[in-house]
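Presented below is the structure to which this report refers.
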């Protein structure tokens, strides 16, 4: 906050995220010395909570399976203190290229990127090898409607059906990459049950060697935010985008 204040940006500690600062209004954070030096990054508080739920620690092997522009990769590299190994995967080469710039600016050196392509055997070769796997799944984005109100007019039942099918496929592959005793965190920026609780219930019925897990006491999550291994954030209650996260542990 002091570094931002030096550039005239007022900020206060976030209510939920242990690392976040809330900046009121539209202030030029990207023009500050702190941003250019990689000391701060712009990210919704809900995304930061997902990073806390993942609880990636120094020395771990970590996979950000749907990394996009690597916002959560950045967060996990921070909690890992740049120690261990983290892989950022995505189906979009353009998004991964954008991730390189963000990671470089932040001084992250324990991360690599991998482009997922049809027929890729990468996942099969690395089955059961990661301590943490984060799936920020493609979704309807209904949790962001406060910022994109027109999006609700474009969403169809077919969109939901196609996305839930894709989510199930992604979860199945991601689960195969978790080592026994490791954790899988599934997250969406959706408020629809069929993408969230219902998706997890279906996954657990089909994958009995996973169970819901409590958040670890020192991961940074506020007490009581995760219930029965699940977190649901809403703009009304928490002042964040709508987010869902489930913490799952592989038992065998």
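Cβ from N, Cα, C; glycine included.
Quick look at what TrEMBL annotates:
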- 189: active site, nucleophile (ACT_SITE)
- 90, 120, 136: S-adenosyl-L-methionine binding site (BINDING)
- 1-251: domain 'SAM-dependent MTase RsmB/NOP-type' (DOMAIN)
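Residues 90, 120, 136 are the ones the record ties to S-adenosyl-L-methionine, and the longest Cα gap between any two of them is 20 Å. Non-local neighbourhood of residue 90 (S-adenosyl-L-methionine binding site): 66, 67, 68, 96, 99, 113, 115, 116, each in the same chain, at least six residues away, with C-beta under 8 Å from its C-beta. For the binding-site residues 120, 136, the greatest number of Cβ atoms within 10 Å around a candidate Cβ is found at 136.
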